[in-house]
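Here's what Swiss-Prot has on this protein:
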- Ala2: N-acetylalanine (MOD_RES)
- Gly29, Ser30, Gly31, Lys32, Thr33, Thr34, Asn189, Lys190, Thr191, Asp192: GTP binding site (BINDING)
- Asn88: site 'Stabilizes the phosphate intermediate' (SITE)
- Ser301: phosphoserine (MOD_RES)
- 304-373: region 'Disordered' (REGION)
- Ser312: phosphoserine (MOD_RES)
- Ser314: phosphoserine (MOD_RES)
- Thr328: phosphothreonine (MOD_RES)
- Ser338: phosphoserine (MOD_RES)
- Thr340: phosphothreonine (MOD_RES)
Amino acid sequence: MAAPASATESQASGGPRPPACLLVLGMAGSGKTTFVQRLTGYLHSQGCPPYVINLDPAVHEVPFPANIDIRDTVKYKEVMKQYGLGPNGGIVTSLNLFATRFDQVMKFIEKAQNMSKYVLIDTPGQIEVFTWSASGTIITEALASSFPTIVIYVMDTSRSTNPVTFMSNMLYACSILYKTKLPFIVVMNKTDIIDHSFAVEWMQDFEAFQDALNQETTYVSNLTRSMSLVLDEFYSSLRVVGVSAVLGTGLDELFVQVASATEEYEREYRPEYERLKKSLASAQSQQQKEQLERLQKDMGSVALDTGTATGSSSPVLDPSDLILTRGTLDEEDEEADSDTDDIDHRVTEESREEPAFQNFMQESMAQYWKKNK
């Protein structure tokens with residue numbers, strides 16, 4: 001089987017493509033971290049170094065070279081002390097704090113896409129902490145909105161030999177698929193202990209699973225029998241790969257499934273995300289339009305209130321006219337409120353001096369003629 005192409009080969013074929021983000025989930029003890037370690041070494045050996053992110057704040061040591069480590073940003077034990085939390089609460093709070101800066105992580109991934117074709121993301125051991133938390137949803141949706149994102153559910157094959165336990169694992173995988181709505185791959189880990197062929201047979205052959213259930217006589221087995229009918233549709237479209245994280249077997253087949261899942265993302269999931277983005281942008285545009293219309297209505301009512309009384313020949317002023325002519329209106333108000341309204345400002349001082357001078361000359365001539373008589 002063909003190995004994943006190196007970053008240089010992808011550049012030669014027409015420029016770098018967005019890296020595929022592999023979001024590794026699984027129950028505690030299923031071997032997620034060991035799987036990521038083996039996956040990292042495999043990709044390095046193929047000349048395709050991945051970009052690795054550790055999202056487990058409670059891990060003591062990371063057995064792989066992490067490009068981004070949540071422990072460098074959030075101190076798990078300090079969070080527990082400061083907020084008085086237990087182990088799970090500390091992990092959730094640490095993830096919440098880290099999610100507030102995930103936009104910076106997205107920028108780092110964008111910068112690294114020239115050199116890395118894959119982004120490996122190791123999640124906390126307690127699967128529900130990431131899967132059902134707000135921060136887990138934020139991180140998953142942020143990745144899926146920009147890059148091909150594939151959920152890899154790591155399952156402990158050695159602990160799933162019991163049909164009831166197997167069904168519990170499948171139900172959890174189904175719930176994650178339903179919540180994330182992303183391409184999904186079930187990695188049946190620890191095939192070095194027991195081969196995963198029995199699980200594949202149970203998924204493909206309903207009667208074989210029923211025969212295994214007939215050995216169980218509990219109420220749970222009856223419930224499992226009913227659920228197996230419901231999950232038939234789920235099994236038909238599920239990608240399953242048997243892997244040994246210890247020996248490194250099954251990784252070639254895994255990357256064949258990853259390539260198929262990436263194509264599925266580009267074909268089905270990306271158009272859906274683009275449609276959701278356009279729908280959100282349209283809703284925001286409609287909201288802004290409605291706010292503008294309400295503002296225009298409010299401004300129109302102000303314009304009506306500033307109009308003159310009925311019967312007046314003066315035009316009604318628009319609010320913008322009030323702003324532009326504010327200085328003129330103030331001057332008119334000052335003239336109307338002046339204390340010298342009773343003075344005729346058209347009569348100048350010069351017009352008063354001429355008749356007063358004529359009266360003075362007439363009085364002087366009269367006195368002169370009176371003396372000479």
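For all residues, glycine too, the Cβ spot is worked out from N, Cα and C.
On a predicted model such as this, the values are computed, not experimentally measured, just so you know.
Cβ neighbour count for Gly31 (GTP binding site) (all protein chains, 10 Å cutoff from its Cβ): 23. Ranked by Cα separation from Asn88 (site 'Stabilizes the phosphate intermediate'), the binding-site residues Gly29, Thr33, Asn189 are led by Gly29.
In the three-state DSSP assignment, the secondary structure recorded for Asn88 (site 'Stabilizes the phosphate intermediate') is helix. Sorting the recorded positions Thr33, Asn88, Asn189, Thr191 by the number of other Cβ atoms within 10 Å puts Asn189 first. Gly29 (GTP binding site): 9 other CB atoms within 10 A of its CB, across all protein chains. In this structure the residues listed as binding GTP are Gly29, Ser30, Gly31, Lys32, Thr33, Thr34, Asn189, Lys190, Thr191, Asp192; their two most distant Cα atoms lie 17 Å apart. The secondary structure of Thr33 (GTP binding site), as reduced to three states from DSSP, is helical.
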